[in-house]
Amino acid sequence: MLSRSLNKVVTSIKSSSIIRMSSATAAATSAPTANAANALKASKAPKKGKLQVSLKTPKGTKDWADSDMVIREAIFSTLSGLFKKHGGVTIDTPVFELREILAGKYGEDSKLIYNLEDQGGELCSLRYDLTVPFARYVAMNNIQSIKRYHIAKVYRRDQPAMTKGRMREFYQCDFDVAGTFESMVPDSECLSILVEGLTSLGIKDFKIKLNHRKILDGIFQIAGVKDEDVRKISSAVDKLDKSPWEAVKKEMTEEKGQSEETADKIGEYVKLNGSLKEIHAVLSADANITSNEKAKQGLDDIATLMKYTEAFDIDSFISFDLSLARGLDYYTGLIYEVVTSASAPPENASELKKKAKSAEDASEFVGVGSIAAGGRYDNLVNMFSEASGKKSTQIPCVGISFGVERIFSLIKQRINSSTTIKPTATQVFVMAFGGGKDWTGYLPERMKVTKQLWDAGIEAEYVYKAKANPRKQFDAAEKAGCHIAVILGKEEYLEGKLRVKRLGQEFADDDGELVSAADIVPIVQEKLSQIHEDGLNEVTRLIKGL
């Protein structure tokens, strides 16, 4: 039986420097009462030259570590693998852009852009999304056709709700297709990627809310909205996922200057939602829609799209929702957002917000919001080309964006009660057991065996100590979440033998199997293949909900 005795080691850590707060002097304490306040201030003030910092991250940001990073890396790996499968190539753009590049692209959300101080004569801002920088890149390099994916951080001065994945610094995972192709073909593939991506991450209870910018603009024309008012009315409609129609109508009439008749006409349409076939049939039977040029173009696109979504077998995930407006100014065709049951705020959200002790507390009573979104933007590249004095070039684009923080929050909620996530990718721990005055601990020998495993692509570790006791080695293996131990016994190793043992409570009484040291790599590979015959690691299994 292998030794399992526990040896406790207490390590004392001495600080190399001590920060002392200045105290009030005896003179100050004996001063008149009138000077007490000044003395108190002086006692709290840092000494000149002393650095004082707040050890915290800025509001709306956080450090990521341990099991959270394991989950996030699995999300990135899953999505990047999916993008590559669809022919995507990756690019990287600066985290900040010239302010003029971002200006006028985000409608009312432009106020959320982080502006930087003057940088040597250039006014810059942190990127708000990955779409506008991509369009700038396409225009700047005269690219005619590209499938690109980009996984990177973006920044917004939003009211954060950290536990819901609403942050000021967050990752987006984007896939975009630029170029002229058959109508609705790239659009339908982007929708298919949305479904593939979310289901591969174990998110199955979701709907893709879909609308068409031209249909929405046609509805506004039918209702009598002036062209110059379209965007602000669109931003009001976009609030229907968070506010009731009565509140949106009030905004239209009292704040946006629309008549009751116009608002009611808009309301007749934006309350419609259902399957693609259902809503397409309703709109096709509406003479006002079919006689409006813009709306008719959008309706024709939907008819084409339905053939392709059926081919990709994704119809059941899509809801044709005329209330979806998306506030960003650059969309020209299909628009879509992915929502789940967690997207909406709780029913008593407004009451909970009132009871909250602070704005930060109140922000927790919101929904996760959309977890992915996208749409077609055919004019953005040309807008940059013309503005820079280049030849006008119409490069149609369509794309999708996965919100990593919001997806992460959903996955974290789902697996919190599941098996503990392995903090590392380590599969095998190499140990050595022995004793006596001549016992060296076999540190170089452990390193040699570990190197053999590394060379075979097997994740392995060992304790960085010459004579580590058995308990400490088992503890290290348990902390790393290892499945297998390769043990160098003092006498067995001299005979060219190694012991391979499964780890875990159910194998506590199992001494393992003695094998030839020359065969250690294939034997370990065989043992690992038996642990998960489907080839999936624990994190992937948890994310997929298996």
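Here the Cβ of each residue, glycine as well, is placed from N, Cα and C on the backbone.
Of the residues R72, R99, R156, Swiss-Prot places R156 in the same L-histidine site as D129, L130, T131, Q172, D176, R326, Y330, Y331.
In the shown protein chains, 20 other C-beta atoms lie within 10 A of the C-beta of D129 (L-histidine binding site). For T131 (L-histidine binding site), the number of other Cβ atoms no farther than 10 Å from its own Cβ, over all displayed protein chains, is 26. When secondary structure is read from DSSP and collapsed to three states, T131 (L-histidine binding site) falls in the helix class.
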